Amino acid sequence: MTASHSDSLVVLFGATAGAYGAKLGSDERELILLVWQVVDLPSKKVGALHKSLVKADNLDLSDQCREVTGLTAEGLGKVEPLDQVLQQFSQLVSSDLKVLGRSSYTLCSDGQSLIRQVLHPEASKKNLLLSDCFYSFYDLRKEFHTCYPNSAAVKDQTIKTMAEYLGLGTDETEEDFGVWQVKTMVAIIFSMLSESCNHIFTEPETVKYKYETGPCSKSETVDSETVIRARGLPWQSSDQDIARFFKGLNIAKGGVALCLNAQGRRNGEALVRFVNSEQRDLALERHKHHMGSRYIEVYKATGEEFLKIAGGTSNEVAQFLSKENQVIIRMRGLPFTATQEDVLGFLGPECPVTGGKEGLLFVKYPDGRPTGDAFVLFSCEEYAQNALKKHKEILGKRYIELFRSTAAEVQQVLNRYMSTPLIPTLPTPIIPVIPPPYTIATGSIRDCVRLRGLPYTAGIDDILEFMGDATGDIKPHGVHMVLNQQGRPSGDAFIQMKSADKAFMVAQKCHKKMMKDRYVEVFQCSGEEMNFVLMGGTLNRSGLSPPPCLSPPTYAAFQTAAVIPAEAAALYQPQALLPATRSPQASAAAPPTVTYYPAQTAQLYMNYTAYYPSPPVSPTTVGYIAAPPGAVAAAATAAHSPILPQPGALVRMQGLPYNTGMKEILSFFQGYQYAPDDYNGLIQLSDQARSVLQAPKEWVCL
C-alpha cells in the first residue's frame, strides 16, 4: 500500500547483469539482485535487512557486474526468478510493517533508474503485473538535494557522495554488495530527519499506470526538450505498443504520434512526447532496446516536428477525439458511396461503436469527396478486437482493411487530405530547377563509376573526401546522386571521370573502402549503363537488367520503342518549363532535343536523380536522363519544339474516361484561366503528336 505521506519507507537497491550506476538499465540487461529494508520515520526504527538474488533468463554477466557484485552465473542459476522474488518482497515487507505497527509505505531508491529503467520494462516484457507500490517512490537524490541545496547537482549525486557530504564514515568494502548501499541510504535518511533538517517526505515520484490518448492542437506549445523520435518500429505497432516499449516513463497525454509516408501508410517512425525533460533523457537511454525481435533507435526531436505530425485545427476532429480512453480503429478501402449506416452494419452488434454515428469520422477531400478512409471509436479493447477480426471482409464489392490507430494519426491523415489541392499541379522539385549547362554522357566508353551502399547521410563533401586524390579527375558537374521517390538518398551515386583509365583506377582503389561506418562498393561502368540504371534498370555482375517498363528486346536496340514527336516531347521534359539554353559548342543546325518514351501502354519507371555540383562549382539542379541516341536519330527530322513560356503551369489529369473530349475537359476547368484561348496553347500539335497524347488514359493540360 502507498500513501501521499507515508509513515514508512522501504529503502530499495538493485543491480542488473550489465551496467552499474548512472547507466543502470541502459543496456537492457535483467535484474539479478534486490536488497531492501523498512524504515519507520516517526520512531526512526528499522526492520530486518533482506537480500534476494534473482535468476535471469540470460546468465551471461558483464565483466563490470562480476567485478562489482562478486556474483557468478553458477550461483544465480540456483535462485528464484523475478516473479517469485517480487512475491517474497511483498510478503516480507508486510511482515516487517506489522512488527513496526504500520500499514502503508512508499519505496525509496537511489535515483530513478532502478524503478523506471529496470523493474517496469522487465516486468512488461515478462508480462508480470507489478504491485501498486512500484508506481510511487521517492528519489533519494532529489530529496537529499532539497534538504541540502548546497550539495552537488542531482544528476551528479551517488550514495557515496551523499555519505561523504554528511561525513558518514562507512567503509564500502566491509559489507556485501547491496548491503552497504542500503545501510548507507538508511543513515542518510536519518540525517535528513534530524532536528537540524527536519525533512519531510511529501511528494513522491509517480509512474503512470497506462498511456492516455487525446487530441493535440497546433496552437499548443511543445517543449523540444521533451520529444524523441523512435525509428525502426514494426509497421503494425500501435500507440499502446510504443507506450509499452517506454514502460516506466511518463508519456504526455496524446503524446504518441505515428508517422505516415507519402502514401498515408506508417513508415516505422513515431514521435513521442514526455511530461518533462528528465523523462525524455531516460527515454534516450533506451536507444537500440528491443521491441520483439527488432531494435528501436531513439533520437532527439523537436516540438515543431511533433506538432507537424500530431497537431490539428479541425473542430470536427477535436470533437471526435474529445471522448477520452477510446480505442481508435482505422478503416481503409471503403466504397466511395458507403454511408454511416453501411459501416455500422458492416461492424455489426458484436462491436458497437461509441456513440453510434458520432463515433464515425469519414475522411474527405476539401471538396467533400470521400477518400475511402474512416476512423471508428470503441469503448473497450474487446470491441476493438472484434472489429479487427473483420479485416479484409467485404463491404459492397470491396474488401476493407482495419488497423489500430491513434489520435495523432487521425490528425495527420485529416491534415494531409484537407491540404490536398483540388487540382494538383506539378510537384515542386526538391532542389531548385536551373537550366543545366551540361549533358550526361550516353556513350559506351567506361569512363564512369558507380558508388553503391553509401550512408544515407552522405553528401557531396563525403563523396569527394572518399575519392581522395581522384577528385581532381572528376568531370565538371560529374557527381550524380540518386534519390528515391520520397526524395531521400537511395545509397547510390554515379561519378563521371575524365577517362576510362581514371575510372578503372578509382574502382580498384576505392572498392569496399569505408565511408563513415559503412563500406562502399565501387564499379566501373559506361555512361550508357549509368543511364539505364537511372531509368530504373539494374546493373550487377550478371549484366544489365532492363527497367520494368521495357522488354529486353526493346531495351537493347531501341527499335520498337515509341518516340514522342518534338512538339509533344516538350510536355514531358523538365526543361519545357524553362527558357531555352544552349551549350557554347552547340551548332545552330543541331537537331532538337527529344525525350525517349516507351510504348504507349508502358509506364516509365525513372529514378529521381539529384545532380550535385562538383569542381568547378556549378548551380544545383534536378533533371532527367538525356534521350538515347536512337531516339534522337528517329526524331531528327521533327519540327523544332517550342518552349513553354514563364510564368505557366502544367496540370496532369489522370483517370479520365477513354471517350473524354476537349469539350469535356474545358467544361471541367470552367472558372479557371488557361493559356491561351486556343486549347492547344503554344504547342502546335501535329496529328501524330495528337494521337500519341490522346491514346493513353491521361492528359497534360496547359
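Cβ atoms are placed via backbone N, Cα and C, with glycine included.
Here the domain 'RRM' (226-303) returns a mean pLDDT of 92 for the predicted model. Feature annotation from TrEMBL assigns domain 'RRM' to 226-303 (among others).
The domain 'RRM' annotation in TrEMBL covers 327-407 (among others). Mapped onto DSSP classes, the domain 'RRM' (327-407) shows 21 helix, 31 strand, 29 coil.
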Residue distribution over DSSP helix, strand and coil in the domain 'RRM' (226-303): 17 helix, 34 strand, 27 coil
